Amino acid sequence: MDGQEHAEVPNSMVEDDQSVVAAEAIAELANSTGEPNPEEGEEQSVEDELIAKAQKLMEDITSVANNPNPNILHALSQLLESQESLFLEENGHFSNARGSHNSGKLCILIRENDEFFELISSTFLSENSYSTAVKAASARLLMNCSLTWMYPHVFDDAVTENFKNWVMEEAVKFPGEDSAKKEASDFEMLKTYSTGLLALSLASRGQIVEDVLTSGLSAKLMHYLRVRVLKEPSTSRIHTTETKHVSLKTKEEGRSRVRKIVDTVEGDHVLETDSGREMGQTDVQPDGEFEIDGRDVFNVSGVVDCKIKPGDDNSVRDDPSRHRLNRSKSRGRGRVHEGAPDTEVLLASPRLGRLLVRDRDLSKISDGRNAEDVTVCLGKMKSGIMEIEREDNDECFQGCIIGTKNITDLVKRAVGAAETEARAAHAPDDAAKAAGDAAAELVKTAALEEFKSSGSEEAAVSAATRAAITVIDAAEVSRNPTCVTSDQTTDVSEVSLPDIESLAQLQEKYCIQCLEILGEYVEVLGPVLHEKGVDVCIVLLERTSQLDDRSTVSPLLPDVMKLICALAAHRKFAAMFVERRGILKLLAVPRVSETFYGLSSCLYTIGSLQGIMERVCALPLVVIHQVVKLAIELLDCSQDQARKNSALFFAAAFVFRAILDAFDAQDSLQKLLAILKDAASVRTGANTDRSAPEVMTSSEKQMAFHTCFALRQYFRAHLLLLVDSIRPSRISRGGVPSSMKPNIRAAYKPLDISNEAVDAIFLQLQKDRRLGPTFVKAQWPAVNNFLASSGHVTMLELCQTPPVDRYLHDLLQYAFGVLHIVTSIPDGRKAIAHATLSNNRAGIAVILDAANISNSIVDPEIIQPALNVLINLVCPPPSLSNKPPLAQNHQPVPGQATTRPSTDVAVGTQSTGNAPQTPVAPASSGLVGDRRIFLGAGTGSAGLAAKLEQVYRQAREAVRGNDGIKILLKLLQPRIYVNPPATPDCLRALACRVLLGLARDDTIAQILTKLEVGKSLSELIRDSGGQSSGTDQGRWQAELAQVALELIGIVTNSGHATTLTASDAATPTLRRIERAAIAAATPITYDSKELLLLIHEHLQASGLGDTASALLKEAQLTPLPSSASPSSIAYSTTQEMSTPLAQEQWPSGRANSGFFTSKPKVCAHDEDPNSRSNAALSAKKKHLASSTLEMPTPVAQQQWPSGRANCGFCPSIPKINARDEDPSSRGNAAPSAKKKQLTFSPSFSSQSRKQSFSHDALPQSTQRINCCSNSDPALADTSETAAELVLKNDLDADAQFKTPISFPRKRKLSELRDSSVPGKRIDLGERRNSTFADGSGLQTPASALDANQSGSSRLGQMTPASQLRLPSDPQPSNPERLSLDSLVVQYLKHQHRQCLAPITTLPPVSLLHPHVCPEPKRLLEAPLNMTGRLGTRELQSFYSGVHGNRRDRQFVFSRFKSWRSFRDETALFTCIALLGGTNHIAVGSHAGEIKIFEASSGSMLESVSGHQAPVTLVQPYVSRDTQLLLSSSSSDVQLWDASSITGGPRHSFDGCKAAKFSNSGLQFAALSCEASRKDVLLYDVQTCSPCQKLTDTVTSSRSNPYSLVHFSPCDTLILWNGVLWDRRIPEKVRRFDQFTDYGGGGFHPSRNEVIINSEIWDMRTFKLLRSVPSLDQTAITFNSRGDVIYAMLRRNIEDVMSAVHTRRVKHPLFAAFRTLDAINYSDIATIPVDRCLLDFATEPTDSFLGLITMEDQEDMFSSARMYEIGRRRPTDDDSDPDDDDETEDEDEDDEEEDDLDRILGLAGDNSDSGDDDLSSEDNEDSVSDFDEEADILIDGDFMEELIEGENEDDGNGEDEDDDDDGEMQDFMSSGEEDDYRDNIRSS
């Protein structure tokens, strides 16, 4: 080893100086340890004296750095230890306040002396030239200094390697291992302190840990603890993983290897080859030590054994710069000893048992010969660092015989001294060997020369001796240069060194510290178990847990518990620890502040291992209760980390019923809630200026996070146990209910409370109609206690925390997880719905805020659990539904039979597949139950159901009142960019479920209908891509489709989740849905003789002339005219016949878009087989029908009942190939289409039905469709369903057509309609451009396969018979079949649906001619042309016809011409007002100025500075003869006399803003400037005093800076921010729902409507009338008559820069304004101004407009402009086209040509003109005609009907209004009467 001493020739001067210094330091140290002076001044002087002494000692060391005296280092260590002892006496062993004590100050002083610290931490420990005593003293001093290190010091690699080698040194035992020794050697001291320093190095992790793990050190340390603790005799240790005698290269390679984790390491030990060496060492001295005159102890075992230590290489002498202290390394990972002062205790500074060793002069050696021998030994030790030892037969030792004398010893001494000198100078091995050779040659040469000259052998030996002494002296001189210090005359004193027992105690502690760091690694487990580590830990725990005389625990106890915690991470160790009653030992540990962390760490480590916790839970109940009690006490302790560990223990242990029961038995829930309540109270930030996230410290956040997680686990476990306890028992095999033997979960078995398991429980509670009602009625004490303690309020308080960091983010998730479980019971829902937080916020508002998308930021991990809570609050589960399971998905029809067909039972039982054949309550197929709750017929069920309904109703009202609809609609936005891809569909599906629950309320359903939610949902369904059902995305898409269709069925009044709603979702407008609904409800009748005539034609065309004649004769029919006789092209046997379709006159071709939509093509050779196939099919269907139906359909029936089947029908068939067309095609078209329709339905109903119809994984018998019977089942759909199912099973057998159901993207889908009532069919008549894939993969809509539109269908390439393989496949039994009557009725219904205005009462419909409902002629309407209207007004009617005024408005207010501009180069205009009747305009500027301009000349008349802030609003009002002007800024309001503003304002109003006059001008309203208050202040204009204050007391986040105050026309009502006040009563009247973040709006001049952003509300009923998308985000102004609305893009008036915000620039109205008809809210025009629009103003005569536009956004320059209304910009060749007669006709033609563009919403987009071209020539007509036509149909809530493309509503005449009377009845505020009155007055 490199810890050997030098061989040195004494230098008396150096020794004396160092001895004097050490003696003086020790003497002063003894004086400094006396009693402290109580006076402050003397204490300061003592402190200064100590620092001076320490400084002096350091200087003494640094001055002789090459040859330091270890006693000085020991003196400095003694100084630190004495001060540490004083600190411990004053503060105890666990204080961390050393920094302010003398002990800490001395350590800091040493640490900050870079030169000295470099010596003791690197140079002395890494250089081989320093003695063991110096290294031991340095290590001792470093350990004393480490007490105050904030971070672990990072030692050099060479130093850490030496630490490891010294600890691993086998030649030296650990202190205390040899009981015979009483004194500690330097090497033992070095080994002990190296162990401590190694523990410090391991704390910084890194490569040193890898090296130590592979070195077998852990086994050595554990063995020592075993010997010390268990008092077992020391034996040879074999736990080393490497041989000691290895080369340097091997060691370096081993260091770089990464350790491998192995299962066992017990066999990886190599027996050391020289294990008997220790016995041989005792021949020299015990443990191989020499004492030289009692001064120093040197280990010379290497000399005696003639063995070279492998670690004593020259690798540490590579580069001196390597040993420089790297200051950056000393700032490590964390605080080591300040935070855990228990690691250094009295053991670090033992005060007893010191060994006193006197320094003696080397000259007192009595025997020079012995001294020479020792010198030789030392020299040999110095040379022992060579890798290759010089052998006795070495060349340099040859020729040492002089005569008879042998001078080999002298030569060896000289060689050793020379090589030692060379190596001390860091010379390489070759140079050292050369030096040795030279010294040998010198000695031999001197002897030979003397012998030759004198011939005397004695003289030759003397000469050789002198030469050898010369070499040795030279080496000593070079090694020990003379360093004379200051004069010191004091005698040498004695130094205090730790005795053997003190070192043994320190060694024990350092071993524990090392193992506590290494214990978590698997490599340590084997050695620990081999050395009885479990017993050692238990004994240590028991021994250190004993209290001493001062009732304090052992300082070693925290380290022992840390060691147990580290080793308990291994299951093997933990299991043995529990088996050997280690838990009881832990429970016996004193519970004081010093042990809290260790106890909590052990509990958490054991609790996190479920296998170990099973053993713990199997212990006696008393022990389990004590464990839980201990964890609860730790929750209340003062240490944060211990509290966190305890919370984590509970979170991991709550999966065991034993822990759960013990926890509840001690009423411990209050402890968890108390922690969370404290965190919630801190989170509110009371009495602090910091924000909520900053109020909570990091530790508080972590504690709240862990506690909330534990609470969620607690409720999850309770939920699982409760459901298990109430789960309906199944019948055992013996017929005895299993409830007779309750299956109680074992208390020691873990519960599965994972996310998947909890989701499965909630799904079961939702679906199971037995378990659901039982769960509602069950008592849940845990939740009741939680609610009684206001735990739900605490959770909501925590949910208000913004998720700004990870802990708060996860805290919200767990809090919502708790609320999700709590709201599953009625009491929890009621408590949450009525909860009010400390800041007066509603609990529902907090949940909605968490689910809100703010600033396009989507956090699905927060939104999803929040939506789950909302679902529990507003959505009754289907298991509590009042409706039967099957009726859940189908809207009942009057007269429908309530009993299910007998086939339903068979289908229901077969569809269960492998389910147990036990009676199971049928589950509801929907996702949300009905409004009515049904809990069975038990006692009290009705009352409880009523209470549940009331709670759900209150929750819905609370969600609506807190803008819940707006938040949920945001989640349905088509573009939500979040990851993973399934997340948007998940959030949308959950949001739809919440909306579906809200829609159980009729009022909310009506609102959703008006908001056209169905249209948004249809877009979502079409956008969702087809994903595999096995993925999360596919699952969420399927659920989204299901719940969206169910919601559409409610908001469109078209039933629940049926195929009809699929059609509704695919339809772009509600108008089409209503039209289909009217047609479906219309009874259809027809003349049966016309049908017989068609059959007669069909028979003739088929070549059955005799049969046709017989029919003609028997039915007494008159044949159709010959012109109507059909050509036989459809059924010809010759392929050459190709008569055009226009010439074909067969009956079905008479109807335009009739029975077949595609062009028939024939093929001769396919006629007969298909005819036979259809004949067989018909016979089989007839047989099946006769065997199952009780009421067979009559064969001959002259008059079929009308309206027998309210069913839709597909009138078109796939394109048939010419060679495939035959008579069977007519028979197969309907069943083929119907089959495909039915297979679409299950995918949008229940999950079970969707699975049974998706693929052929189930038997064909399970793939049936349950259909409730119609009022007349014999005549309805029984035959249809049979054929459908026959064909479906055939198709399912063909795997090539099995593809998943998918929606086409962004394409229009066909309408679907019910063919019987429950089993709705797909009506594909109106589909043009899309296809649908049914459950078997076939594309269903025949219209999509039309030759002109689609050619991709495989079905269209073959005949139905060959496609479906009817002849060859067996047909299953089917009780229903198609009838000719149903086919005809469906065909006629389809024709009726195509009518533009279908009516509900029809005469018998002709089969021979196309059916078209009569349309209004609109003869009384005013002409579209303006000239025509003027002429009509003069000649025919005083009002020029119906809608004359409306079309005049559209004509006038679509034309605007720039008239004049007003600029001021020095001002930025912000607002404008037109002063009526004065020809003046007033503008406000950003500088706070008010400027008056003359309108006619554009010159500025007056300018005055009235505000300190930018002017935001100016509003004029004429009061008698005075023109008043009201100006506002962000801080005050000024009232001016507009006739002379230079005289100053009439009055100033501070503390208010955004003022607006009332309509009477007697008052004005303003808003309070205080951001925290929501007050509307009313002032009297005459007295200028406040007259009223209206306050919005609801604390919500709905307020926005855009809202202004609005007065009603009669000034009695006030509207602001969606809140309506009546000035005559103190409270608010109404809070309107807001569906966007843009508040504002205003009162309609008709007084019956109020506008909130884009929604129109009825003032009389407070119902939503309609939604006008054109008004979204706009600020509106009415013209003077109140029949036209001007809309400009809303902005924050207090910030002019907000006008040019990036998002605002992209809006279409950024540089434009819009005009709308205020009667029906239809768009008139969108007028571009090509500049950013800031403000807008009107004047009473409706002749001019005033605008403020920003001319230059970069320079922020704006101007005011005035526009003429009703005039257009002159063109290049015509100055005024409105006055030019030559262009009038052309203008009118343009207007008529652009009518369609206006209907399509394209009005106002023509901006080809220049900056002043504000005309809109294509906006003379309005889209309102559609609206008024729809008013009669669906309550007047439709805004417009979009033209859908070719072959659809062409709009000719459809846009005209035919229901003005209905409109006036439904909307009294629409003002149509005003039009008539105005016309009358004008006449």
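Our numbering is plain: 1 for the first residue shown, then up by one each step along the chain.
Including glycine, each Cβ sits where the backbone N, Cα and C put it.
Source: prediction; values computed, not measured.
Taken from Swiss-Prot as is:
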type	residues	note
REGION	1-47	region 'Disordered'
REGION	309-340	region 'Disordered'
MOD_RES	Ser349	phosphoserine
REGION	882-924	region 'Disordered'
COMPBIAS	888-917	compositional bias 'Polar residues'
DOMAIN	1087-1119	domain 'LisH'
REGION	1157-1202	region 'Disordered'
REGION	1214-1260	region 'Disordered'
COMPBIAS	1238-1251	compositional bias 'Low complexity'
REGION	1310-1377	region 'Disordered'
COMPBIAS	1330-1362	compositional bias 'Polar residues'
REPEAT	1464-1503	repeat 'WD 1'
REPEAT	1548-1586	repeat 'WD 3'
REPEAT	1587-1626	repeat 'WD 4'
MOTIF	1619-1626	motif 'DWD box 1'
MOTIF	1655-1662	motif 'DWD box 2'
REGION	1763-1883	region 'Disordered'
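Per DSSP, the motif 'DWD box 1' (1619-1626) is made up of 0 helix, 4 strand, 4 coil. Within its own chain, the repeat 'WD 3' (1548-1586) has Cβ neighbours under 8 Å at 1512-1513, 1515, 1517-1519, 1524, 1526, 1528-1535, 1592, 1599, 1604-1611, 1614, 1616-1617, 1621, 1623, 1693-1694, counting only residues six or more beyond its boundaries. Counting same-chain residues at least six beyond the ends of the motif 'DWD box 2' (1655-1662), those with a Cβ under 8 angstroms from any Cβ of the stretch are 1010-1011, 1630, 1632-1633, 1635, 1644, 1647-1649, 1668, 1721, 1869. Per-residue pLDDT, averaged across the repeat 'WD 3' (1548-1586), gives 91. Secondary structure of the repeat 'WD 3' (1548-1586), assigned with DSSP and counted as helix (H, G, I), strand (E, B) and coil, comes to 0 helix, 23 strand, 16 coil. Mapped onto DSSP classes, the motif 'DWD box 2' (1655-1662) shows 0 helix, 4 strand, 4 coil.
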